[in-house]
Amino acid sequence: MIAIVDYGVGNLNSVQNALKSLNILSIISSNAEEISKCRSIIVPGVGAFPDAMKNMKETGIDKIIIQAAKEGKPILGICLGMQLFFEESCEIEKCQGLGLLKGNIIKLEGSIKIPHMGWNSLSFENNSPLLRGIEENQYVYFVHSYYAVNCEEGIVNAYSIYEKKIPAIVSKGNIFGMQFHPEKSGDFGMKLLKNFAEVV
């Protein structure tokens, strides 16, 4: 069973529907006891970083995720969920993240259209269980205005080029993140979710 964490921000139902189509059991929950009984966790997210962290702290979800990370449970962050795993974001105001991964979140800038919205291809960098059986240069669906920089060496598994190098898949031990939306990325996105579900 996978717990999809409900902290008041996120595309919960679309993620659960994607898992259901793969015959993967999941629950949507904000209950510490329920989440602790699940073998892995997904942290979805759309919206602003400070609002998300505020909601997490008010509900105690931040402590649940940090404890699960210490216990070695596989945890996947999607879009904003991935960004929350890093140390700090400058979105709206400086805000501390969960600190599960080293690096920080800054705004996309330049001659590009912002937000980065639409399909973009992935190039591989470092191996990850998420990439098992997957070929390079597949397209995934992005919707974001901020991205991770100063990442710890070796944690970026795949990236996209959108004028800048955008970390698209990151991982360290039992912590995984996808900047794009796998649940909106067709068969390739489904394969990524399936690979995550099979991480032990």
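Positions of Cβ are set from backbone N, Cα and C atoms, glycine also.
Given the structure is predicted, the values throughout are model-derived calculations rather than measurements.
The domain 'Glutamine amidotransferase' annotation in TrEMBL covers 4-197.
The active site, nucleophile feature in TrEMBL is assigned to CYS79. Cβ contacts within 10 Å of CYS79 (active site, nucleophile), excluding its own Cβ and spanning all protein chains shown: 25.
Of all Cβ atoms in the protein chains displayed, 21 besides its own lie within 10 Å of the Cβ of HIS181 (active site). Under the DSSP three-state reduction, HIS181 (active site) is assigned to coil, being neither helix nor strand. Under the heading active site, TrEMBL lists HIS181 (among others).
TrEMBL lists GLU183 (among others) with the feature active site. Counting every protein chain shown, the Cβ of GLU183 (active site) has 25 other Cβ atoms within 10 Å.
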Rounded distance in angstrom between the Cα atoms of GLU183 (active site) and CYS79 (active site, nucleophile) = 11
Collapsed DSSP category at CYS79 (active site, nucleophile) | coil
